Amino acid sequence: MADPAIHHETQPINQIAIDYTPEACTHCPESNSITLTYDHRGGARWRSTTRFHYGTFSSLIQCPKGNTSGLNFNIYLSSLEGDKSQDEIDFEFLGKDKTIVQTNYYASGTGNREEIHDLGFDCSDAFHEYVIKWCPSFIEWLIDGKVARKVEKRGGEGFPEKPMFLYASIWDASYICDATWTGPYMGCDAPYVCLYKDICVPVGTAVECSCDS
């Protein structure tokens, strides 16, 4: 059941900030599309310019083609990337296998709530819709309109409650867990391009605050 306190009306994202390698990220507000490229420059990361407190976040995503072993490409919410006490809700694609996606969430810096989902398709073959629905009482992750995972808030368990930015990035994660998470980086098909379009954020839940607080 939908949370009556949250209105899930959305609007196209109008502005983004690029955290690093701006030349590897292109944003076209007119078509509501963003392109991230991984090559010899490394990857890039973009985020919304405001935090949001609950609501629905969505994007059509076509993941990079070729041998993407070692790479991580994603869309996620975070109260602040790099903050050890962050809240976060993730969709993460693991380059070693483009037929799966990992979901996870953090509360006050504590994660370890990963689940792997079989997509039933290769995420690089076409655009597919990925949605995070974040409410005070539950989180839903949806793929092409179907709920892949739902987590309800329970007493005594951590739950994301801090206002969060919408982020997306592409990066080499092959150093994590001795390359068992995303696989060893090959790079034989670089450049790798991740495409985002029809990116939508909530209406009326933006929280104005600086990105370093």
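Placement of Cβ uses the backbone N, Cα and C atoms for every residue, glycine included.
Feature annotations, reproduced from TrEMBL:
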- 1-199: domain 'GH16' (DOMAIN)
- E88: active site, nucleophile (ACT_SITE)
- E92: active site, proton donor (ACT_SITE)
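Cβ neighbours of E88 (active site, nucleophile) (same chain, under 8 Å, six or more residues apart in sequence): Y76, L77, S78, S79, N104, Y105, Y106, G111, P160, M164. Taking a C-beta cut-off of under 8 angstroms and a sequence separation of 6 or more, the residue listed as 'active site, proton donor' has the following same-chain neighbours: N72, F73, N74, Y76, V101, Q102, T103, N104. Computed over the domain 'GH16' (1-199), the whole-number mean pLDDT of the model equals 95.
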